[in-house]
Every structure is written in C-alpha cells, then in structure tokens.
Amino acid sequence: MESLYSQFAQVLERYYQSGTKIVLAFSGGVDSRLLLELLSRYQKAYSVDNQSTDSHSFKCHAVYVHHGLSSNADEWAGKCLVWAEQAGITCSVERVSLDTNSGESIELLAREARYQALAKHIQSGDLLLTGQHADDQVETFLLALKRGSGPKGLSSMAESMPFAGGTLVRPLLAIKREQIEAVAKEQGLDWVEDESNQDTRYDRNFLRHRIMPELSERWPSIHQAVQRSASLCAQQEALLDELLLAVFERALQSDFSLSIEELATHSELARARLVRMWLAKLNANMPTQVQLNLIWNEVALAQQDANPKLQLKQGEVRRFQNRLYWVTETVDVTTWQSAIQTDTALLLPEQLGELTLSTNSEQATIAMPPHPELLRVTFNPEGLSAHPTTRSHSRKLKKLFQEYNVPSWLRRQIPILMYQDKVVAVGNLFVDQAFSGQDCELIWRKSL
C-alpha cells in the first residue's frame, strides 16, 4: 500500500493546487474503490500538513454514474454512497439514459454519457480522477491497432488531459490490474463486480480475458513495452503539432474557421494534419482518412456556386467565403434576451461566450444612451434594421449579414445590443450610426 500511495501522491502533486476541487469518477469497481481510499488518505495528510483539522479545506467529491444497464445498479449506487461516507468524502449519483436503438455500441454510448455526467461537476481548474491502469492502456493500444489508427490513436491514454475546463488525471496508469487487486484485498476492501465485464462480446472484455493473459504469459514486459510505444507516438504527435503551429495559426481565423487559401499552399499530408489540428481544437471527433480526403476534395474544392458540406459524427464541415467551418447542431436562442450593465460581463446562452459593454476601452465606438438601464441583448434579427457607420443608409439586418459575409447558420447566433426598439450594435460587426460615439465599446468574447 505504501508504494502505491507514494506513486498516487506524486501524480496528484503534479496537478493539484490549493483550492482546487478533486472529483473522483467512482464506479465502485476495484480501481476506483482503491482510488477512493487513496484520496481519503491524501485528504487527511493534506489537512495535517496544512495544520488544519477541517478536512473540507481540501475539496473532493465522488460521483457514481448510474447507466441503468444493470439490475444491480441501484445496489451498486447505494454501496458507493456508503463507502464514500466511510472515507469522509461526499458522493452523489448521476442518472443517465442511453439510446440503445441508435446503432452505436453500448460501450461508446455509456462512455459518452458517463463523461457528460462527470463534466457537470467540473469547474475551471478542477481535477477529475479516473481509475484507468496499465492493463487498460494495453487494451486501448490494441483496440487502436485493430482500427488501423495512426500515431494519434496509438498514443492511447495520457496521464492527464484537458477536460471540461479542468484536467482529467489517471493516477493508476502505470499500475497493473493485479497489483491494484492485491492491494485492495490487503486493505480488506469490498468492491462491485459488474457482470458485463465478463461478456467477451465486447471488444475490450475479449482482449482482457482472451488475449491479455496469453500476451502477458509470453511477454511479461508487454505492459512496459506498450507504454513506451504509446509514449513515443505521443511525442511524435506533439512534435508534428509544434512544427506546424505557426502555419496553423496563420490558417486559423478569428471566428475559428480555417483558410482554404492557406491550406492550398501545403502538401496533402500537411493539409490533412492541419485539418486534424483544427478539429481537435474544436473538440470534434477525428475524421477517418477517407473523410479527410472528402473534406478537401468535395468541400474545400467544390464549385464556387455550390454549398458543400460533409456530415461527421458530431457536426458537419461546411465552406463559406473560401473558409472551412465546423458547424454543430445549435439551439434556437432567438427568444432569449437579457438586460446588460456597463463593465459587467454578461454570460450568453448555449456557450456563445460573454458580452461586455466596457467604459474603460481605448477603442470606444458607442455613445451611451440617456437611459442605460433600457439596454438589452437579443439574438432575434427578425424585422430589425440598422444603419452601420460605414454605410450610407439603413438596411434590414438580413441584408447586412449577407454584406458582412456572415454564414447563414451563424446569423441567429450573434448578439444584438438594443436600446428600446433600436439596434445599437451587432456583435463585433458594426455600430449603428445613431449610437456612434466614444463612451463605451461592445466586446464579445466568443467560446470555442
């Protein structure tokens, strides 16, 4: 236990900062069960080291995700709540439902739902601990190999990765399953055994029960070898990104679109990499090699009068004004509106960023109206007209969006600053002539 705790503490100390909340993905299986005990011990040690008897100064919380797939799930949730209470760690249960008729694998659906549920508990800077270990790493590597993945996929799992504004950390990634089980038994811990883990119809279980024992018996150092290969692949990926970073920054536009003109100056291999970097930045799933070719040949190079698009899993790649855009399904926000106060960031709906009417800007372009309390923000351009300072007369917003080259799918996603029934400014596009001045600036900070 001491050796394993020491490794756990070393990993945690690489990422933990005072005031950070730690969230444990707690399934009740042996991996997360042991993590709960390690986290509880770390919490107590932290309180002693910081001369505090208040264990809550070290903020941690466990989350059990109830998928509803097993008749035992309610019992498992109850056990997790009890174990967490005994460990002195708060715990909550998140219930999710899966669309088992979607055609997707149950494994993938459960994984996506699980991480969506966990993301609700993560705020900026928080840590999410998960229980993946060295055997999981080998399985992930072999599954990527089976899919024909390149270096990115073969990099498998990193010790840490960005997640929901915080960081996902895998403290047990260098530890074998047999060592985890041995320590758990040594400590007298109980844990849940998910019956689905024995079902070899699932690829990961097939590898775990049929393939891994054979590999480990033939090559006892297979775990270290796979970890080394995965690490080398990850290094190659990082090097490629580093070498192409300057090119990528030139191609990436302020609205997160990608310049086709810039892409066209590079080789096919470089173009494919730049598109992958772009989609990764936008948190989209990576396309296949076939899809990468389609993005270039059938979207980027389509006839100029065409409106090409390629549907991928989480959204679609579209072309507009010689740029590639990543378009996800959007929620209608045209009924949303809110008052706005000067020098106070207004959080916009559906991750559309934040809006600030700043009176401290050196680039002020707006005259403050006589009754600032009547200022409001809307997203509905229907029936509205405006007279931009750069235009000779007033026009409907629908026409102005066309003139300002705003893609059709973004026109109801741009915040409009209103004063009573008059348009003051539209996003970062223009200010109406009637409100032109030097009192304040409308600053729109967009989210990815």
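A Cβ is built for glycine as well, from the same backbone N, Cα and C atoms used for every other residue.
Swiss-Prot has this to say about the protein:
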- Ser27, Gly28, Gly29, Val30, Asp31, Ser32: ATP binding site (BINDING)
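Neighbour list (Ser27 (ATP binding site), Cβ cut-off 8 Å, at least 6 residues apart, same chain): Tyr64, Val65, Trp76, Cys80, Gly131, Val192, Asp194. Compared over the binding-site residues Gly28, Gly29, the count of CB atoms lying within 10 A of a residue's CB peaks at Gly28.
Around the Cβ of Ser32 (ATP binding site), the same chain contributes Leu24, Ala25, Phe26, Thr130, Gly131, each under 8 angstroms and 6 or more positions distant in sequence.
A Cβ within 8 Å of the Cβ centre of Ser27, Gly28, Gly29, Val30, Asp31, Ser32, the residues given for ATP, is found for these other residues of the same chain: Phe26, Arg33, Leu34, Leu35, Gly131, Trp191, Val192.
By the criterion of other Cβ atoms within 10 Å of the residue's own Cβ, the least surrounded of the binding-site residues Val30, Asp31 is Val30.
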